[in-house]
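According to Swiss-Prot, the feature domain 'PABS' maps to 11-245, an assignment based on sequence analysis. The S-methyl-5'-thioadenosine binding site annotation in Swiss-Prot covers Gln36, Glu111, Asp148, Gly149, Pro173. If you look up Swiss-Prot, you'll see His67, Asp91, Asp166, Ser167, Thr168, Asp169 marked as spermidine binding site, on the strength of sequence analysis. Swiss-Prot lists Asp166 with the feature active site, proton acceptor.
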Amino acid sequence: MGYNEQERAFIEWYPRGYGVGFKVKRRLFETQTEYQRLEIYETEGFGKLLVLDGTVQLVEVGEESYHEVLVHPVMLAHPNPRKVLVIGGGDGGTLREVLRHDTVEKAIMVEIDEGVVEASYLYLDVAKDLLDRLIKKEEPRAELIIGDGVKYLRETDERFDVIIVDSTDPVGPAKLLFSEEFYRDAYEKLNEKGLYVTQAGSVYLFTNELLDAYKAMKKVFDRVYYFSFPVIGYASPWSFLVGVKGDVDFTRIDLERAKKLDLYYYDPERHETLFQMPRYVRKLLEGQ
């Protein structure tokens, strides 16, 4: 796993010998933050590549295939998303998409690793201007908190219309973000009508983790939906889970608000295709 200088390539190896790789021109930056090893590469055809502990987080060319699909389905399904919490997402891409919605009055991003925010600001062109305003506390609709998202959610008195978890994969340290206890904290901090969304890993390679998270969410939320999308740089299709609190229909989105968004990957036509999981995965999920 990692950078092969002789081959000028970065390869992330998934379970069962499956790999995703990029040809790279050079390594731009590497450091050991308080929490993880962080690397940034310049690829040959996909812009810059952000890697945490050997796992691909994003490539600049195509990052919208993840951020748009994580954010806009829940934002457009909610009737009036005014307060939004983002846990993780230190590169700024998720919050950038949240703030496209003019209904949003306040968004809070809680990122545990300040090093990710700083490196993303210095080296990536994903949300540089937004991160600059957040760091300087000059973004009127959003706030950056450097801290533990699990602890923040448990202790905050804030209530949210939408909670978005943009974390690393549902293995290792991030497993707490996929626990029943965490889901209960999230449910409690949602308003009467609320939506929760999280990425849930590779459909094919993290199937067991997807099933575990889905099962735990079903114990907590009023309804739970699953969907998938091909994400550039990941072992796609990539899965997402949505938890519903109250009277919100995630299968229906606000078409008028959707028309105002000039997006690259996601649109109302795409929304209808999100739920097309492979048959064997549907059978496994529906058996939970």
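Here the Cβ of each residue, glycine as well, is placed from N, Cα and C on the backbone.
Annotated features taken from Swiss-Prot, shown on the structure.
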residue	record	DSSP (3 states)
Gln36	S-methyl-5'-thioadenosine binding site	coil
His67	spermidine binding site	helix
Asp91	spermidine binding site	coil
Glu111	S-methyl-5'-thioadenosine binding site	strand
Asp148	S-methyl-5'-thioadenosine binding site	coil
Asp166	spermidine binding site	strand
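The Cβ of His67 (spermidine binding site) has 28 other Cβ atoms within 10 Å, all protein chains considered. Of all residue pairs in His67, Asp91, Asp166, Ser167, Thr168, Asp169, the annotated binders of spermidine, the farthest apart have Cα atoms separated by 16 Å. Here the Cα atom of Thr168 (spermidine binding site) is found 11 Å from that of Gln36 (S-methyl-5'-thioadenosine binding site). Its Cβ taken as reference, Asp91 (spermidine binding site) is surrounded by 25 other Cβ atoms within 10 Å in the chains shown.
Counting in whole angstrom, Asp148 (S-methyl-5'-thioadenosine binding site) lies 21 from His67 (spermidine binding site) by their C-alpha atoms. Of all the binding-site residues given, namely Glu111, Asp148, Asp166, Asp169, the one with the smallest number of surrounding CB atoms inside 10 A is Asp148.
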